[in-house]
Every structure is written in structure tokens, then in C-alpha cells.
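*Asks:* Below is a structure I'd like to ask you about.
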Amino acid sequence: MMSEGGRAARGARVTLGGQALKFALQLTSTVVLARLLVPEDFGLFAMVIAVTGFAALLGDFGLSNAAVQAENITDQQRSNLFWISTGVGALLYALLFTVAPLIQDFYRADGLAVVVQVMSVGFLLSAIASQFTAHLTRNLSFGRLAIIDVSSQAAGLAFALSLAINGAGYWALVGQQLASAGVLLVLTALLSGWVPRWPAPAPMRSLLTFAANSLGVQALSYVSGNADSVALGRTSGPEALGLYDRAYQLFKIPVQQIAAPLTRVALPILSRQQSNRPQMSRYVLSAQLGMSYVLGAAFCLGAALASPVIELALGPQWSDAAPLFAILAFGGVFQVMGYVYYWSFLACGLTALQLRFSLVTRALMVGLIIIGAFFGPTGVALAVAVGLALNWVVLSAFPMRRTGLDVGAIARTGGRGIAVNVVMAAAVWGVDNQLLRDLTPLARLGIGVSAGLAVYALLAATAPPVRRDLATIFRMAKRSFR
């Protein structure tokens, strides 16, 4: 029988394989749509998704995490969670449909109300699908989840491209969201092999308490993560927001396509070690090692090579987005490491503790964003990056110590990964700006990445702790392909 560690590695491999395909689809969407639409289209869409996305989060109500995290759950309890999620989603859909004109007035953007009303259908579909997805996740059906994710993303992209080519403007982005949500619901319902029962009495208190706390943490993260779109949309209008949004969406790709989906693997595996904290601590340490070095390197390379990245991904007409992307990418290093803490709190059932500290750090981040909005997109990007760093530092210093895990080792590993990648990024930035500015964007990227690998090799040769870390990462990667 495969060990929990082996199942985690195998699950990570399958999940990341599916995410590689999703990454290719999302990158294609970003590259092509940036050349078919204008900044105002992306700005208007960003105004709407900031609101409807929050409603989608509320529609789930943290119930999917509750279904996955519970040590034991009956079919009736799972069915009750499904009906609660669906009911909350329907109520929020009706509410959002009604207040759409007020959202339009807030942004002072004509025609926005209809877009809000149409987009709200998507989060209702997502609320219905959430427990089917949770069922697949709890059963470690990572292959089926990968098929669902890739298929829904492909359907959304195909629909968006057909609309954009025919001059639909921002409606192409709306259509992409709805098509993806619809296909996701159909496939999760079919492939889960689970049919909800009708509501009936069952012990629900512990599940709902966990869900409420989990929702609180997610809601705070969402508000702080989307306050930038709301603040910029209000103060600077759709064109400035569109420019910032493209930089932000590129910055989010590693988070959306790698860090966030790994929650599906990490949560059920870690939750099964609730009574064995030393073993859980070893798993969390391995996760932090991978996040800080691998994803940290991706973000730091992106920051150092922001100009060629933006020119290749979006086109030369989006060059003003490059400094925004560079600033956000450095903040992304702390965001992906924060995911490891998020998994730890969920698995340990300490979401109430995380919520209390997140109230402070996320409120501070929103305050920084509001101030930064008065200085335009650059001010907002700086506020986001600083806020993400502060959140990681505070969680490391205080609430993580209540988990019973080896927080010192976990934080030191993260800090070491940050230091290595900052040194690498500084060297790559120097090479790119001093020697490569006259080359094509593709050549600059290729040489820049090669320079980054050379710096890694030098650090591994001269610093034993770095050499040990990289050797561990290679062993983990090798294990996942057994």
C-alpha cells in the first residue's frame, strides 16, 4: 500500500500535470486576448469580477473545506452541506442581481449593471459545484479533478476567443467565465459519482463552525486581494485599472495554477496526520521548501525579467505594465509561502486563530491599498507587495506557534529560499539591464533564465545549506514520478 507521503507526491504530480495544461491555456488566453481587447475592456471586467468573485466565495461559505477536512463525514452530512451551499448561492445571486445598479453608480461606469447581473450566474453555478468538487478531493481523485479543470478552462477560452474575434469586447471575458463555470459544474457532477440526498437531520454544528471560520479567513484574503481593483476602478477609471489588472493577472498565474490547486493535495493528506504533529511538521517543512525555492524562483525571475515577460505575454503596447508586474512578483514570493501556513491552520482545525490574526494583517493591507490608490497603479502595486510580506511575517511570529509544528525550521527554510532567490534575481536583473537590452524579448528571457540557473549552481557549490535544500527538492521531485 502506498504511504501518505507517496500519495501526497503522486497527487502533487497529477495535480501539477493538469495545472501545466491549465497554465498553457491561461497563458494563451492572456497573450491572445491582450491583443484583441483594449485596457478599458479588462478594466470594466475587473471592476465586476471583484464583486462577483466575492459573492462566489460567500456562496461556498467555507463548506467545501469543511467537507474535506473532517476526519469522518456521513453521506447525509455531505448532502446537507450541498443544499446549504446551493441555498446560500441562490440567495446571493438574487441579492447581487438586485443591487447591480448601485454597483454601477459606485464605479460611475455606464452599462456595468447588466454585466454584473449576467456574471452573477457564474458564481451560482460554482456554489452548486463546490460539494461535488469536495467529494472528489476527499477521495483523492486528483486525475479526475485535473480533467475537469483543464476541460472547463479550455471551454471558457474557446468561447472567449470566438466572441473577441467577432468584436464582442468585454463580453468575451464575461462569456469565458460563464462557459468555464457551466462546464465545471456538469463535469464535477458526472465524474464525482455522488448524488446528494434530500436534506435531513444530521450533526452539523462542528462542520458549520469550521466552515464559518474558514470562510472568514478566505473572505479577508479575498477582500485584501481585490481591494486594489475596487480602489483603482473608483479613483483612476477603467483604463488605469486595465493596465494594472493585466500585470496582476500575470502575477497570479503561479498562484492560481500551482499554489492554490495544491491545497487539494495538501489538505486531505495533512488532515490525516492531525494526531501525529511530528509527521505533519515534516510534510509542512517539505512543502515550504518547495514553495520558497521553486515558486519563489519563478516570481523572482519574473520580477528581474519583467520587461521581456510583459512584451512577450501582452505585446509592446503594454510596456507600462512591466514595473507593476515586477513589484507584484516580489510580493508573490510571500504569498505562495503563506499558502503553507494556510494548509497548516486548516489541517489543525485552527481557522479561528488564523481568522483573528488575519483580521489585523488584512485590514492593514486594505488600508495600504486605499492610500496607494491615490498614487495610481504603482502605489497600489507597492501596497499589495508590502501587505503580503507583512502577512507572512506576522503569521510566522505568532499564530503558527500554536499549531504544534516546528515553526522555527519552517520559517528558516522559507527565509533561506527568499535570500537565495533575491540574490539570483539581483544578478539576473543586472545582466539583463547592462548587457541584454538590445536583444529580442525571447533572447533576453532565455539568457536571463540561464543566468539564474548559473547563480543557483554557484550558490549550491559554495553554500552547504542551499546544496542540501536543492538535493531535498530533487529527491521530492524524483519521488513524485515513481
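Positions of Cβ are set from backbone N, Cα and C atoms, glycine also.
Residues or ranges marked as transmembrane segment by TrEMBL: 44-68, 80-100, 112-133, 154-172, 178-195, 283-310, 322-343, 443-466.
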*Asks:* Answer with yes or no whether the transmembrane segment (154-172) touches the transmembrane segment (178-195) by the criterion of at least three Cβ pairs under 8 A, sequence separation 6 or more.
*Replies:* yes
*Asks:* Residues of the same chain, at least six outside the transmembrane segment (443-466), with any C-beta under 8 angstroms of its C-beta?
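*Replies:* The answer is 297, 301, 304-305, 307-309, 312, 416, 420, 423-425, 427-428, 431-432, 436-437.
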*Asks:* State the non-local partners of the transmembrane segment (322-343) in its own chain: residues 6+ outside its ends, Cβ under 8 Å from one of its Cβ atoms.
*Replies:* 217, 243-244, 247-248, 250-251, 254-255, 258-260, 262-263, 266-267, 270, 284, 287-288, 291-292, 295-296, 299-300, 302-304, 306-307, 309-311, 354, 377-378, 381-382, 384-389, 391-392, 395-396, 400, 410, 414, 417-418, 421
*Asks:* Which sequence-distant residues neighbour the transmembrane segment (80-100)? Criterion: at least 6 residues beyond either end, Cβ under 8 Å.
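*Replies:* For the transmembrane segment (80-100), the nonlocal Cβ contacts are 51-52, 55, 58-61, 63-64, 66-67, 112-114, 116-117, 120-121, 123-124, 126-128, 130-131, 134, 196, 198-200, 202, 204, 207-208, 211.
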